[in-house]
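In what follows, a structure is listed as C-alpha cells, so that the remarks can point back to it.
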C-alpha cells in the first residue's frame, strides 16, 4: 500500500525532473518512527505557482488518501513556501519535484531566557543559569487559591483550573487579575512552579474589587474544611493588617482538622510580619519577597514570623483577560504562590506529609544566608529540589 503510493508519486515526478533532489534540513526534534507523519516546511523555488504545486500533491489527486500530504498552512505573503504533514515514505519523492528548493523539518522553539523567578529557586547561588530543573510537577495535588477568583480558561492552566467557591454567591471569575496571577505562579504550564498541579479557586472579594473584609476569608475556609481533597495545599495571598485573632483561630483549626498546609504572604507593610494575620500564625508558612539580586524587596514585611523569602518583584504570569494574556506582578502576593507550588512538589512524592513535616522540609531545603537586608528574621530563600544539581 505504502509502496504503491510512493511509486505513483515518483512516476508523476519523472516528467518534472526526477534527477533533481532538493536539500533536506533536519530539526532539533527526535526523529519520528518510520511511517509516522512529520511536519515540514516546503520551500518552492521563486516564481513557481503554489496552487499548481498543491494540486499535484497526492492528497489532492486522490492517489491514496491514507498516505497523502496534508497542507497545514501557506505562506504566500512572505515567500513561496508552505507547511505540510507527510509520512517519511513520501519525503524523498517530494524532494524530487523540480519546483521544490528545499525541505525542512519543523523544529521546536523556546524563549531565550527562563523566567528569572523560577530560574532562581532551583539553585543556591547567583548568577542565574537560565534553567529551571525541578523534581516533579505537582501532578495529583490540588492547590486551593483563596483570592480574587480565577480565569479558568487561560491557556496556562491547560484545563486544570476550576472555580470552587464565591463568598458572594457570584460566578467566581476573576476580573482584577490578582487571583489568576497567583494561581499561575503556583501551577501554570510555563510560568508555574508545579506545572501539573490542579487549581481550585475560592473567591473572597466582591465583584471586581480588591477590597473586602475578613468574614469572606472565614467563609472560604469554612466551606473548604469539609470539601478539601488530599493531597492539598492552600495559598492565601491576602492578609489583615494589624491582625485578627478570629482569623488566626480559623486558619489554625483548619490545618488541624484537614492536615493541610496553608501558605500565606508576609505582607507589604515594611514592618514586622507578626503584626498581621494570618502570617503571624506559627503553623502557617509565611513568605517575604526578594528581587532578582536577592535583596529583600523594599516593601516586604519581615521578622521572626517570616519563615522564608521567595521571588516577588516583576513576576510574569497569566492575567484575567483573554486566553493568553500575561502581566507582571510585584508584592509578597507573588512570593506566597512560589512556596505553595514548592509544597505541591513535595506532596506529589510524599502525599502523607503533615503541615509540620512540610514546614520543616521547606525550611530545611531553603538556601541560607543569601537574602540581603533580611532584617533579623530567618535568612532563607526558597529552594526546590533540582535533580541535576547539588548547588
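Cβ atoms are placed via backbone N, Cα and C, with glycine included.
Annotated in TrEMBL:
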type     : residues : note
SIGNAL   : 1-17     : signal peptide
DOMAIN   : 138-369  : domain 'Peptidase S8/S53'
ACT_SITE : 147      : active site, charge relay system
ACT_SITE : 178      : active site, charge relay system
ACT_SITE : 333      : active site, charge relay system
(request) Ten-angstrom check, please: count other Cβ atoms within 10 Å of the Cβ of residue 178 (active site, charge relay system), all chains counted. (result) 22
(request) Fill in the CA-CA distance, residue 147 (active site, charge relay system) to residue 178 (active site, charge relay system), as an integer in Å. (result) 7
(message) Using a Cβ cut-off under 8 Å and a sequence separation of 6 or more, which residues in the same chain sit near residue 333 (active site, charge relay system)?
(response) 178, 181, 182, 237, 238, 265, 268, 312
(request) Have a look around residue 147 (active site, charge relay system) and count the other CB atoms within 10 A of its CB, chains all included. (result) 29
(message) Give the mean pLDDT for the domain 'Peptidase S8/S53' (138-369) on the 0 to 100 scale.
(response) 96
